[in-house]
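As given in Swiss-Prot:
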DISULFID  Cys30-Cys47  disulfide bond
DISULFID  Cys37-Cys52  disulfide bond
DISULFID  Cys46-Cys58  disulfide bond
DISULFID  Cys70-Cys90  disulfide bond
DISULFID  Cys78-Cys98  disulfide bond
SIGNAL    1-21  signal peptide
Amino acid sequence: MSKVFVIILVALMVAISIASAHRPPPNPRCLPGHSKCKYEPKKNSCCLGFQCTERNQCELVYPGHHGKPCGKDNLLGCILPPPTFKPRPCGKYNLKGCKPIRPRPHPHH
């Protein structure tokens, strides 16, 4: 029983190594910090999953749950804070889905 399992495992590893050897080399624009790009707001000259920052470099974007808040440096591939969640203070990086916080009256001593 265990010998069959080992043979299947080895066959899988060999198949994976052959498949990965035929993959084309990664696009230099897909490597964070290595590729130069022209920064243009709302445009993306980098490959999918990357974005061009103001430093004219392609930076990795984390999609979905791990997305960075939207802001000056992150127009593409960013997530807006959900408005149903805790209200967050308005700021440079949080223009949508935020609520202005009213100053609380301090109790007098």
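Going from the start of the chain as shown, residues are counted 1 onward.
Using N, Cα and C of the backbone, Cβ positions are placed for all residues, glycine too.
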**Message:** Let me make sure I understand the structure: which of the disulfide-bonded residues listed (Cys46, Cys47) has the fewest other Cβ atoms within 10 A of its Cβ?
**Reply:** Cys47
**Fill in**
Most Cβ neighbours within 10 Å, among the disulfide-bonded residues Cys37, Cys58, goes to Cys58
**Request:** Using DSSP with the three-state reduction, classify Cys58 (disulfide bond) as helix, strand or coil.
**Result:** strand
